[in-house]
Structures are given as C-alpha cells and as structure tokens.
Amino acid sequence: MGMALRQRHSKEFLDQVTELEQNEICLVASDAEKALVWRLDAIFLVVGFLGYAFKYLDQTNVSNAYVSGMQTDLKLYGNELNYFTTFFNIGYMIMLYPSCIIISHVGPAIWLPTCEVLWGIFTCCLSTATSAKQVYGLRFLIGFCEGATWPGYFTIISQWYLPHEMALRMSLYNMAQPVGAMLSGALQGALSTNLNGTLGRSGWQWAFIINGICTITVALLAYVAVPGFPERQNPLSKIYLKSQHIETALARTRRVGRSPQVGITPKTFLRALRFWHLWLFSIAWCIGTGTTPTNYFNLWLKSLTNTDGTKKYSVAMLNYLPIIGQAIQLVAEILFSGFSDFFGTRLPFLLLHAVINITSLIILVIHPSSESAYMVGWYMNYIGAVSTMLLCAWATAHLETEPQVRTVLFATGTLFSYLLSAFLPIAAYPAEEAPHWRIGAKLYLALSILAAILFITIHFAFKWEKRTKQTREGDQVSGQEHGNQSKERSESGDEV
C-alpha cells in the first residue's frame, strides 16, 4: 500500500523524482542493497555528519565568542563581526570551483579530510588572536579550507544513493549545521562559566581550542570513512565496504542510468555552465536559504533589559536560547526531506517552506511589542534552511547522466549563497544598528517571495523540458517512418 501511495503521488506532480525512479520505487531493496546503504549510513554519513557539525561550529563560533567576551577583549566596537563573516565567506568562495575540479580528478578520500585537518589547526589559532586583523586572516584561511567540504560531500552522496534516498540523506548530513550551532552555543555557554580564566585564557578562547581539536579528531576518521566514488573506491574504506558492496553500488547506479564521476576539464566545465538547471537552481537555492537572518537573533537577545536597566539574559543564556531555533531547524529538515522522498515530489514542500519563511519575516517586519511574539518570528525563520536539500535532490535526480554538471551545480549554488551572505548582511543587518535594523527583515521578505516564484518557475521549466523532449522524439520517429515509407515506395517502383 505504501509503495502504491508513493506511485500515485509521483504521477500527480510533474516535479516527480525522475521517470527512471518510478520503476525503482516499485522494487523492494535486496538484502545486498540494504547492507550497502546501512554501511554507508552508519559509517560514512555518521563521520560526515560529525565533520560537518564541527565545520559549522568552526564557522559560526565567532558569533558566540563575540557575545561571550571577545568583543571586549579585542576592543571590537564597529562592524568587525560582519567582517569576520565576510572574510570567511571570501575564502570559502575562492575554494569552491578548484575543489570540485580536484575532487573529480583525484577523488575526495584524501582531499576532504586534509582540508578538514587544516581548518581545525587554524581554528585553534583563533584563540591566540589579539586584534581584528589577525582574526580576519585566520577566518579567511578557515573559510578557504572549509570551501571543499559541503559540495564535496554532496557530490559523494549524489553518486552512492538513489534518487528516492537522496533528500533524506542530504538532510541527515546537513542536520549537522543546526547541531553544530547548538554545540557552539552550549559549549560557549559552559566554557564561559567553567573555564573562563583557566591558564590565563578566557572562555571564548578555550572554545576555539576545543573546537579545533574536535575537528582534527573527526578529520582523521574521515580518511577511512570517506568511500570515494563507486567506480573509484578509497582503498582505506575497504575496512567496511567489501567487493560485494561495491558491486551492488555499481549495479544500483546502472539501474537508474547514472554516469560515473569523471574528471572535469575546461571544456566540460564550460559545458556545465550552459545547463539552465545550474543557473535556475543555484539562484533559487541562494535566495531560498539566504533569507534567514538567524545569526543576528542573539544580538537582539543581548539588547533586552529588565525594568531596572540590567541585562535580561546572562552570557550563558545568550548562547543557549538560539539552540531552540536550531532544534526546530533540525526537526524541520528531517520532516520535509523524509516526506518529500516518500511522496516522490519536491515542489509542495518547497512552497510550504516558503509560506513559513514569509510568515516569519512578516512578523520581524511588523516587530510586535510583545517580546514573545517577536521571538516566535525569529524561531520560525530557522525553518528557512530546508529548501537547500530539497532543491539539491530535485536537481540531482534530473541530472543522473551529467555528473560533472551536478558537481559544478553544488559549487555554484554554494558560491551564490556565500556571495549573498558575504555582502547582504553588512547592508541589511549591520551590527552597529542592532537591535533596530532599518531594512533587514523588509529586504529579506522581498527575497523570500522571489524564492517562492523561482520554485514555481523550476516546476514549469521541467514541464517545458519534458514537452520539448517528447516533441523532438516524436519528430525523430516521424522522420524515420517517412524515410521507411519512401524506401518502400522506391523499392516497389524498382520492382515494377
């Protein structure tokens, strides 16, 4: 009954996973497939999850450090917090395309863990910074190394998992983002209370040291856990992926018509840029996820005071309260991607995400006098991140035969997102205007509405592509039939 339900829903929506996948959904996974997927989930996905959790923690811990004593210790009273993010994003963006090209040639097994080790070292070095300029340089290097990770892991997921498994796995991996943010808040809150002053270091400095050590530890595990590609296995991953598992993986990719990952050349890179999927998905992706100003939630919390003028929340609470929003994001990602995979459709869930996001931003624009109501708007906004996984899974399923395009798309979507986040927040949410930003939520609301329009545009673009393909195939069949008829008439004439 469950399979029949999924088939019915897949036929109702034109943004279904793929036509090939309709046949795949009908098949009950063999024991060999279950064993393969279980091993990938239990080892590769778990280690990847941990690595991305610490990656995101290393990316965002500067915000927690800022409100936990770093601002005072380093005498940061301008827009330095915004620039910390900007320098990280610049380094991240520079690495994206070179990394995806390197991965396509040498594989991800050595490259990704090595980048992870390096940014772990640079994160530890942040604890020694004594000026904003030093932080700028280290944030650039951390971003540069981290730029390899997210697109790299999504490329691996797109090569090992089938379309109806993909959105959930992408979300399980991306769940590490709110988990990392939750860890950052909890860790900074605990350290500011328990380790502040130990060995002459502040709590925020200890947070950078511990973050970096955890990152390096997980990176060492990744040298074994990252499986490479089905056709180019990481030799160290043979510890958990035996020859029969690789044979099963290759059979699965053949069954859905997926092409193997090959090296990206200048010619294939330029060819990828000609696909409409790359541009439309990347723009929808960056706008869909770029309208969530949740990083500035704790700045609003920090501004709140009691009636006697004292701060309403302690440093620990400033780090703990955003954890609720990150938990909301975590649950939303699982629910949205799980149901999307189950029903074999993406658009309805993207539109539901857009409605929630728009509603949250309307609340932030109105800025109700009730602190509780305003806080609800902030918490609802954490759901905005779910669109990325749905869009990536949607695009991947329609580009099974174009692995280079998929890889470049992951890098391009990430590039656009970071371009937006590198410069938009400085204009929309300058730290010096907190907590009364003039244009922040208004601009993000307009972009959120645009994202919903783009989701619908992609839906109709696929309809157009399908209709064009059917027309072209029909013309080819008609041409062949006409040629056969002419040949038959010619042969009849010769006989006469």
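Easy rule for this one: first residue shown is 1, then count along the chain.
A Cβ is built for glycine as well, from the same backbone N, Cα and C atoms used for every other residue.
These numbers come from a predicted model, not from an experiment.
Record features, source TrEMBL:
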- 484-496: compositional bias 'Basic and acidic residues' (COMPBIAS)
- 44-469: domain 'Major facilitator superfamily (MFS) profile' (DOMAIN)
- 470-496: region 'Disordered' (REGION)
- 36-54: transmembrane segment (TRANSMEM)
- 110-130: transmembrane segment (TRANSMEM)
- 136-160: transmembrane segment (TRANSMEM)
- 203-226: transmembrane segment (TRANSMEM)
- 276-297: transmembrane segment (TRANSMEM)
- 317-336: transmembrane segment (TRANSMEM)
- 348-366: transmembrane segment (TRANSMEM)
- 378-396: transmembrane segment (TRANSMEM)
- 408-431: transmembrane segment (TRANSMEM)
- 443-462: transmembrane segment (TRANSMEM)
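Packing against the transmembrane segment (443-462) from elsewhere in the chain are residues 14-15, 276, 280-281, 283-284, 287-288, 290-293, 347, 350-351, 354-355, 357-358, 361-362, 364-365, 384, 387, 394, 398, 424, 428: each is 6 or more residues past its ends and has a CB under 8 Å from a CB in it. Contact between the transmembrane segment (378-396) and the transmembrane segment (203-226) does not hold: fewer than three of their C-beta pairs are under 8 Å, each pair 6 or more apart in sequence. Averaged across the domain 'Major facilitator superfamily (MFS) profile' (44-469), the predicted model reaches a pLDDT of 89. Per-stretch counts of Cβ pairs under 8 Å to the transmembrane segment (136-160) identify 408-431 as the leading one among 203-226, 276-297, 348-366, 408-431.
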